[in-house]
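As structure tokens, the structure follows; a few thoughts come after it.
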């Protein structure tokens, strides 16, 4: 299944957000936040968050800011 | 002491964490500033990258309250989602809400800002809205539930200082009890002192420190200016006059 992660194409077998993070190699304890189709998905709901073909996923981490 | 959503800060100088030459210089600058708050943000992270974790560890070591921002957001939806993601990552319900309406000036979109603020306040956020000095916009933001306002001094990163002194004075006078922070456009410590002399409760600086030849030294200079400006405001400055008035008494002056 084709998924867009941070604007990059990925061909994955995962069908949930939690499975996607694992398949892409994100550390389970990584300090990241996730959104699917522009909507925030809290960490506790990633396992129940389904992914459809072509889904847009954002994975963000802390950075410097003004 | 001014309270920002019930919290007394240790300093009236808020410092951004972007654009420093190195993490070490950033840490030095925050310490030398004695910053009361540091602002932070979010970015895309690839699997296996440790950049976000490293930055977060650096910030935690500084032991200064963090104020996450929604920099780069142009719509209500982007700003709300970014705020929600920031709350989870940084573990705070404080958010510096930026909704940009115009790319050349990075001027806040006041209409979208009010809408995003309303949604976020209802969702339990404590919103620090980055705004123009617009009085009506300020009223709407307060009605939306904001308890702090952050008017710009000048466009972000411009270093032009307080572009609209009349507007900033009027804003301060209209809402004397609302904690207000001049955010953006401050270039040198005298601009920060001026904002504090007007009665603003704090200033937020980033580029002016990060892009200085010696950021840590400039951070200290800003800290002193903020303290001096605040002290001057509390001491109640004299009224400006158009005509000269002799400071040396004229009574008893010799006629020669």
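Residue positions begin at 1 at the first shown residue.
From the backbone N, Cα and C atoms, a Cβ is placed for every residue, glycine too.
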Taking TrEMBL at its word that B:184, B:185, B:206, B:207 bind 1-deoxy-D-xylulose 5-phosphate, choose the one of B:157, B:167, B:199, B:229 listed for that site.
B:157
Looking only at C-alpha atoms, tell me how far residue B:206 (1-deoxy-D-xylulose 5-phosphate binding site) is from residue B:96 (active site, schiff-base intermediate with DXP), rounded to the nearest Å.
14
Within a 10 Å radius of its Cβ, which of these binding-site residues (B:157, B:185) has the fewest neighbouring Cβ atoms?
B:157
Pairwise over B:157, B:184, B:185, B:206, B:207, annotated as binding 1-deoxy-D-xylulose 5-phosphate, what's the top Cα to Cα distance to the nearest Å?
9
Could you give the Cα-Cα distance between residue B:184 (1-deoxy-D-xylulose 5-phosphate binding site) and residue B:96 (active site, schiff-base intermediate with DXP), in whole Å?
12
What's the number of neighbouring CB atoms sitting within 10 A of the CB on residue B:96 (active site, schiff-base intermediate with DXP)?
28
Set of same-chain residues at least 6 away whose C-beta sits under 8 angstroms from residue B:207 (1-deoxy-D-xylulose 5-phosphate binding site):
B:16, B:19, B:156, B:157, B:159
